[in-house]
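Engineer: These came from TrEMBL, pasted as-is:
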DOMAIN    2-221  domain 'Sulfotransferase'
BINDING   ARG76, SER84, LYS201, GLY202, ARG203, PRO204, HIS205  3'-phosphoadenylyl sulfate binding site
DISULFID  CYS184-CYS196  disulfide bond
Amino acid sequence: LLEFLRAHPGVRAVGAEPHFFDRCYEKGLRWYRSLMPRTLEGQITMEKTPSYFVTKEAPRRIYNMSRDTKLIVVVRNPVTRAISDYTQTLSKNPTIPSFQALAFKNVSTGLIDTSWSAVRIGIYAKHLDNWLQYFPLSKFLFVSGERLVSDPAGEMGRVQDFLGLKRVVTDKHFYFNETKGFPCLKKPEGGGKPRCLGKSKGRPHPKIEEQVVQRLREFYRPFNMKFYQMTGQDFGWD
């Protein structure tokens with residue numbers, strides 16, 4: 001999403017994830033500001049650090065900095081999210097236990113281990129509850145990870161509207177990369193190579209037994225329903 005937004009002249013974004021509101025808070029606001037790109041009047045400054053969404057202290061800390069901050073959360077089916085998370089870890093550390101071994105406290109009873117971060121992160125309703133103690137729903141935009149892939153221009157339209165930007169990034173900015181299964185950004189004005197997402201995106205997932213996937217689906221269903229109610233948006237995961 002941030003890659004796509006960088007194509008907008010009204011947006012300036014930090015390069016790497018700053019992790020200020022979760023890991024580096026003690027470095028202070030001046031340090032955080034020093035990471036920010038220079039912006040002109042009317043431009044928006046952005047950063048992305050996905051772990052903020054699941055960090056208990058992050059909402060309060062961001063609120064204390066600025067209660068006018070706009071918050072964008074990209075969510076996808078929590079089951080595929082957990083498998084994707086595992087795939088990422090597996091690529092860095094091939095000796096970790098199987099997905100099934102990590103996902104279940106007890107396989108025979110089908111008890112899911114919610115202390116495993118790959119599972120815990122997908123309980124979106126629980127994390128959102130924490131944020132809504134500080135920010136009203138109007139400060140949030142929830143972007144569907146699935147639609148970002150199937151209809152990037154449509155989701156980008158919503159994002160630009162939410163940020164109060166002109167709809168500059170449109171369908172003519174995208175083409176679909178069949179090999180990766182992801183949309184890529186064309187370089188504007190026909191210059192240079194198109195920008196595709198990095199190596200870590202679009203990795204093939206390991207084969208997970210159907211009954212494991214099924215059990216996870218059942219586990220997430222009530223949380224998904226609550227999340228749909230809270231956001232007023234049906235993401236169609238069930």
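Glycine too: its Cβ is placed from the backbone N, Cα and C atoms.
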Engineer: If you measure ARG203 (3'-phosphoadenylyl sulfate binding site) to CYS184 (disulfide bond) at Cα, how many Å is it?
Structural biologist: 16
Engineer: Does PRO204 (3'-phosphoadenylyl sulfate binding site) have same-chain partners at least 6 apart in sequence with Cβ under 8 Å from its own Cβ, and which are they?
Structural biologist: THR87
Engineer: In Å, rounded, how far does the Cα of ARG76 (3'-phosphoadenylyl sulfate binding site) sit from the Cα of CYS184 (disulfide bond)?
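Structural biologist: Rounded to the nearest whole number, the Cα-Cα distance is 19 Å.
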Engineer: Between the Cα atoms of CYS196 (disulfide bond) and SER84 (3'-phosphoadenylyl sulfate binding site), find the distance and write it as a whole number of Å.
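Structural biologist: On Cα coordinates alone, these residues lie 19 Å apart.
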Engineer: ARG76, ARG203, HIS205: which of these binding-site residues has the highest Cβ count within 10 Å of its own Cβ?
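Structural biologist: Answer by Cβ density within 10 Å: ARG76.
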